[in-house]
């Protein structure tokens, strides 16, 4: 498409705190989805000392059409990574952290146990840190959700990414209903854990299709919906079909709340981990208020 509209233009990242976070990530030999996915919000987030750690390497076993992460044969798991993640979170002084990963279809459990180890290393240093994880679908491997559930994350995020009709083009190695089933399993197996999912808009989806995905997510008990504009990371990725206007994002937000989501982030630059701490605090306060009313 032609140049981005004004509402998608952001400042070039930089600044003292930004450089401090980048140096710390490099010293700890960690990857971040902020860098690997070319996130437009990296400047704002890193200047607030917010970073989304991407574990299990920087090579993915899949090749989703929208993603900027490298595809290929990944290296063996770095067994020291969970400890380094814990140290980095402690040094950054974070109170809410987001951990994500590449797909690791080569591993027997898809990397679920590695997620669990990262959660435990963070909590070992500060039991009060709240932890949000954004996981792949683990190809539906038996026991993967149970392993992560045992580590008790505060928020479990798995993104559907797009509407079912576009899966063959956008997520050719994933299945829509497998992702829905994972989110349902998380709800069934974890008490008190918030579930979250997101869609990229501007890939050719129709409004009615987005509404149907909202209904499917609510049937799976998902609490939090994120809707953001798809931005083409490189010319090799799938093209942007159109730029969804801020007014349309507001319409989607109103509809999502009407369908029963507890929290909705819907704007052109909304991303899974953007303002994650603030959103989590609001979500937790909302649940507390509802429990008080119920009693």
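Glycine is no exception: its Cβ is also placed from the backbone N, Cα and C atoms.
Now, the feature entries from Swiss-Prot:
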BINDING   34, 39, 45, 273  [4Fe-4S] cluster 1 binding site
DOMAIN    46-262  domain 'Radical SAM core'
BINDING   60, 64, 67  [4Fe-4S] cluster 2 binding site
Taken over the domain 'Radical SAM core' (46-262), the model's mean pLDDT
94
Determine the minimum-neighbour residue: among 60, 64, 67, listed as binding-site residues, which Cβ has the fewest other Cβ atoms within 10 angstroms?
64
Rounded to an integer, what is the Cα-Cα distance in Å between residue 60 ([4Fe-4S] cluster 2 binding site) and residue 273 ([4Fe-4S] cluster 1 binding site)?
20
Report, in whole Å, the straight Cα-to-Cα distance of residue 273 ([4Fe-4S] cluster 1 binding site) from residue 64 ([4Fe-4S] cluster 2 binding site).
19
If you draw a 10 Å sphere around the Cβ of residue 273 ([4Fe-4S] cluster 1 binding site), how many other Cβ atoms fall inside it, taking every protein chain shown into account?
27
Quick check: which same-chain residues outside 60, 64, 67 lie with their CB within 8 A of the centre of the [4Fe-4S] cluster 2 site CB atoms?
62, 63, 66, 68, 69, 71, 102, 103
Rounded Cα separation (Å) that holds between residue 67 ([4Fe-4S] cluster 2 binding site) and residue 273 ([4Fe-4S] cluster 1 binding site)
16
What three-state secondary structure does DSSP assign to residue 67 ([4Fe-4S] cluster 2 binding site)?
coil
